[in-house]
Amino acid sequence: MDVEPFSLPLSRPLETAAGAIESREGFLVEVTIDGVDGVGEATPLPGWTEPPEVCGRALRDIEQPRTALEGDELADAPAARHGVTLAVLDAAARAAGQPLYRYLGAPEHRESVPVNATVGDGPPAETASAAENAVNEGYPAVKLKVGVRPPAADIDRIEAVRRRCPDVELRVDANGAWSGETALEIVPRLAALGVAVVEQPLSAEELAGHAELRGRGVAIAVDEGLLEHSPRAVLAAEAADILVCKPMALGGIDRARDVVETARAEGIDALVTTTIDGAIARAGAVHLAASVPEIRACGLATAGLLASDIRDGIATVEGGSVPVSQGKGNIPPR
Ligand SMILES: [Mg+2]
């Protein structure tokens, strides 16, 4: 197994729970299994996965990739496990002569995966223009960052978007900014504006508070909550209508697919998002989403957040969706 570090500059600095970062540091993982090559990507994100040093060490300690995936030596290194899994699955899909999404179990051919646009914090007019641009580009759903401003100011922003974009699926992401009391006040107002989804309204530890917000006209999505709690615990607490699955944080596209299937078996939906990964992990997340029937718009429109990438033209957005590679494995060989 070969491990090669890379650094991808971001188009603009990204605020994370662990501070602002200006680049994505990760590792390409290359395996050869029964004579077939596979490539994976481990791109740890501070606050969401193990730190880069731990990831690199975990990868370099691996002697046998398939054995490492079966044991729990990568239990504390989800990004490393993601990289190895993707490489092994890529090789296996190539050996089977299938595109990765079919190898993962997609029941049928899938041309593309719908994605949402994400609009950051800004004044109402600016937010509405950004949302309108996204709709004009063909995005079926727009997600607005909220919770930076007071709730009344966010409502003004959402109203401005709704006036300009009467039909688009609107989602808001509070990244845990609201108290239970604030959320109980604001959710009915979101429902009145036709907001379909509110992501992580309360802090990541909260389970009961999220459960209480369900059934009020807006689907409750849990994202950061999956850092604090296992998917099983979130489902058991009935805390979410939708689980936001980040393969890099969950330890691989195989694990993320298990989470999606477990949730759906209990009548809870799931969607897939990247952690602003490079082209290989992003393509893997697209295959994962493509393997799930009738998946709602996913958070996979992240290629543009990188100033340069591992490979250009891979898993990029075209008219509000990301085309699914139909060649063998994850991405076409160079
Ligand atoms: Mg989120």
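Cβ atoms here come from the backbone N, Cα and C positions, even for glycine.
Automatic prediction, not curation, is the source of TrEMBL annotations.
These features come from TrEMBL:
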ACT_SITE  Lys145  active site, proton donor
ACT_SITE  Lys246  active site, proton acceptor
BINDING   Asp173, Glu199, Asp223  Mg(2+) binding site
DOMAIN    124-220  domain 'Mandelate racemase/muconate lactonizing enzyme C-terminal'
Rounded distance in angstrom between the Cα atoms of Lys145 (active site, proton donor) and Asp173 (Mg(2+) binding site):
5
Using a 10 Å cut-off on CB atoms, tell me which of the active-site residues Lys145, Lys246 is the least crowded.
Lys145
In sequence order, which same-chain residues at least six apart have a C-beta under 8 angstroms from Asp173 (Mg(2+) binding site)?
Thr118, Lys143, Leu144, Lys145, Val146, Gly147, Val198, Glu199, Gln200, Asp223
Residues within 8 Å of the Asp173, Glu199, Asp223 Cβ centre (excluding the Mg(2+) site residues themselves):
Lys143, Arg171, Ala174, Asn175, Val198, Gln200, Ala221, Glu224, Val244
Name the residue among the binding-site residues Glu199, Asp223 whose Cβ has the smallest number of other Cβ atoms within 10 Å.
Asp223
Distance-selected recorded positions near ligand 1 (C-beta under 6 Å), from Lys145, Asp173, Glu199, Asp223, Lys246:
Asp173, Glu199, Asp223
Residue counts (helix, strand, coil, in that order) that DSSP gives for the domain 'Mandelate racemase/muconate lactonizing enzyme C-terminal' (124-220):
47 helix, 17 strand, 33 coil
